[in-house]
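A.B. asks: Straight out of Swiss-Prot:
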ACT_SITE  Asp131  active site
BINDING   Glu56, Glu81, Asp108, Asp131  S-adenosyl-L-methionine binding site
BINDING   Lys135, Asp167, Thr204, Lys205, Phe206, Glu207  substrate binding site
Amino acid sequence: MQRKIKSYVLRAGRISNRQQQGLDLWLEDYELKFDSPSPWNFAKEFGRHDADTIVEIGFGMGTSLFAMAMNNPQCNYLGIEVHKAGVGSLVADLHEYQISNVRVVAHDAVEVLQTKIPENSLAGVQIFFPDPWHKKRHHKRRLIQSEFIQMLVKKIRPSGFIHCATDWEDYAEHILNVLSSESALFNQQKEGGYSPRPDSRPLTKFELRGERLGHGVWDLVFIKK
């Protein structure tokens, strides 16, 4: 898969003192280096064997990833995020609460998947609230496209999952079509369509606020055959 159009724009946003501390003082304790010469060995990187590894692409400020890692210490979590404020925020939380089952990489997710993730090595991939690029002329920037899902499928082991969530209905329809068209996957909802929010996905403050305003959220969970 050739990466041509990026699904994100890097903006120079404000970084708080705590986020900067996360980047300066503790990032090295959690970061997987993209420029390492070979694909990552998760048993080595996490310091344990036989633990499931789940990737979250675009973890934002890390709220969901942090909660899931805390609630599931038996699993490894790898978070991919390009925005420094979010990386610093998550790392500061991981340090404060001494969470040891999370690693982060601050790099383009497509390039990470192409070069650093071994095939059939993941128990699942979660993509929560990706940028919807709601203007039609920008739809080509949306992360979730057929070619991208085909690459994800190779990295996930049989019975592993892809879990997406979005609060944009037309993006939800697009994601449903893309995932349903991939022959290596089946919809966890046997009757098709969207899934109820799994208990494993924490509700964020953003999502709770949206619910109060009557905004919908669509979850999609597909399993590799």
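From the backbone N, Cα and C atoms, a Cβ is placed for every residue, glycine too.
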A.B. asks: Taking the Cβ of Phe206 (substrate binding site) as centre, how many other Cβ atoms lie within 10 Å?
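C.D. replies: The answer is 14.
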A.B. asks: Considering all pairs of residues in Glu56, Glu81, Asp108, Asp131, annotated in the record as contacting S-adenosyl-L-methionine, what is the maximal C-alpha distance expressed in whole angstrom?
C.D. replies: 14
A.B. asks: Which site among Glu56, Glu207 has the most other CB atoms no more than 10 Å from its CB, taking these as binding-site residues?
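C.D. replies: Going through Glu56, Glu207 one by one, the largest Cβ count within 10 Å is at Glu56.
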A.B. asks: If you count other Cβ atoms within 10 Å of each one's Cβ, which of the recorded positions Glu81, Asp131 has the most?
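C.D. replies: Highest number of other Cβ atoms within 10 Å: Glu81.
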A.B. asks: Which whole-number value in Å describes the distance between the Cα atoms of Glu207 (substrate binding site) and Asp108 (S-adenosyl-L-methionine binding site)?
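C.D. replies: Rounded to the nearest whole number, the Cα-Cα distance is 25 Å.
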A.B. asks: According to DSSP, which of helix, strand or coil covers Glu56 (S-adenosyl-L-methionine binding site)?
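C.D. replies: DSSP call for Glu56 (S-adenosyl-L-methionine binding site): strand.
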A.B. asks: Cα distance, Phe206 (substrate binding site) to Glu56 (S-adenosyl-L-methionine binding site), nearest Å?
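C.D. replies: Between the alpha carbons of Glu56 (S-adenosyl-L-methionine binding site) and Phe206 (substrate binding site) there are 18 Å.
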A.B. asks: Taking only the Cα atoms, work out how far Glu81 (S-adenosyl-L-methionine binding site) lies from Asp131 (active site), in Å, as a whole number.
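C.D. replies: Pair distance, Cα basis, whole Å: 13 Å.
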A.B. asks: Can you tell me how many other Cβ atoms are located within 10 Å of the Cβ belonging to Asp108 (S-adenosyl-L-methionine binding site)?
C.D. replies: 16
A.B. asks: Compute the C-alpha separation of Asp167 (substrate binding site) from Asp108 (S-adenosyl-L-methionine binding site), stating it in Å without decimals.
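C.D. replies: Asp108 (S-adenosyl-L-methionine binding site) has its Cα 23 Å from the Cα of Asp167 (substrate binding site).
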